[in-house]
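Annotated in Swiss-Prot:
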- H292, H352: heme binding site (BINDING)
- 38-58: transmembrane segment (TRANSMEM)
- 127-147: transmembrane segment (TRANSMEM)
- 153-173: transmembrane segment (TRANSMEM)
- 187-207: transmembrane segment (TRANSMEM)
- 230-250: transmembrane segment (TRANSMEM)
- 287-307: transmembrane segment (TRANSMEM)
- 321-341: transmembrane segment (TRANSMEM)
- 344-364: transmembrane segment (TRANSMEM)
Amino acid sequence: MSKKRSIFEEVSEAQPKAQPVQPGVIDRAARTGARGAVRVWLMMLFGLVVIMIAVGGLTRLTDSGLSITEWAPIAGAIPPLSAEDWAREFDLYRAIPEYQLQNKGMTLAEFQFIYWWEWGHRQLGRVIGLVWALGFFGFLVTRKIPPGWTGRLFLLGVLGGLQGAIGWWMVASGLTGTMLDVASYRLATHLGLAFFILGLIAWYIMVLGRPERDLLQARRSGEAGLVTGANWLMGLAAVQILLGALVAGIDAGRTYTDWPLMAGGFLPLNMWELEPIWRNFFEDPGLVQFNHRMVGYLLLLVGLYVWWRSRRSAHVTTKRAFDWVAVILFGQMVLGIVTVLNAAPWTWAIAHQFGAVVTICLILRARFRARYPVATSLRGAVA
């Protein structure tokens, strides 16, 4: 027979002893709580990269990219401050083919206009590098980087440095020989990496916008089919951006200014004249514009198919994300057609390039929603 216990009996001895706090738990919690601060810093970088892409486009459209003929990452931060400094820079520019074959007779004032565009473009690159360095090393020293994110954030700095080197590699292609502009394939490399960096930052911002545990739970209900569709859209959009850079690099947008045909035919004229034949895909204005058109049509068709598939999703936010993808793809096609019909003036051209930025971001957002759906209640409120 068991021994009776008083209802007033002390029970403290029967309770389990409290476990000691594990070292580092508070530190890990603080680092997890820093996701918001890191996210704000990434938003700053995102905005700067968007501006950088726009300034880079305007630098190209104003034919300013070859106005600075030296690569001085540190000393170049200080612009010419005296008449002697300006005379030296102008003399360097007058020694390259662009001046001798295209801009001979340019005044100092005209040179200063294009110089400031290129200097501003490079200076903005320095600002982006500084913002990255201050943020990354500041978070690193104060141990505010969320677990698992040090390598990802460091990668952004590495890619930024690589982008600067590619930028000079691009400029160097137009300083010798008979080149009047930078090599179009180098321009495509430079712009392509800029969009890759932008997309990476955008993805990081979205991931840090939700707690890690929420992401792990949401991934269980992810929609693999829509993720695959978004991957196809990302790939096609990347190809289209590179083709757009080739179009811009050789002014192919002004070669054929009719639509839907090209000089009255489906195919451009004399499209295989260059030797070896592969050069036509990069240097023949007609073929480059034709390829840009065809991939644009394909991107829209695939986008509409993926949008149609997204109608079956049980998640409202996922469907809305793909709605916006369909809208921007259609809008970009219309904007591209208007740009061609107007012989690619700088206003329409820069708007079309900005549309590409929005397109990439909306496709990434749709992919994120498909991979990490947001659950909603029956009333439509986010759960």
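Cβ atoms here come from the backbone N, Cα and C positions, even for glycine.
Taking Cβ-Cβ distances under 8 Å and a sequence gap of 6 or more within the same chain, the neighbours of H352 (heme binding site) are G244, Q332, L335, G336, T339. Here the transmembrane segment (153-173) has long-range neighbours at 38, 45, 65-66, 68-69, 71, 73, 122, 125, 128-129, 132-133, 136, 139, 145, 179, 182-183, 186-187, 189-190, 193-194, 196-197, 200-201, 204, meaning same-chain residues at least 6 beyond its ends whose C-beta is under 8 angstroms from one of its own. The transmembrane segment (187-207) is in contact with the transmembrane segment (38-58), judged by 3+ CB-CB distances under 8 Å for residue pairs 6 or more apart in sequence. 230-250 is the stretch from 38-58, 127-147, 230-250, 321-341, 344-364 with the greatest number of Cβ pairs below 8 Å to the transmembrane segment (287-307). Within 10 Å of the C-beta atom of H292 (heme binding site) sit 23 other C-beta atoms, taking all shown protein chains into account. In the three-state DSSP classification, H352 (heme binding site) falls within a helix. Only pairs six or more apart in sequence are counted, and the transmembrane segment (344-364) with the transmembrane segment (127-147) gives fewer than three Cβ pairs under 8 Å, not enough to call it a contact.
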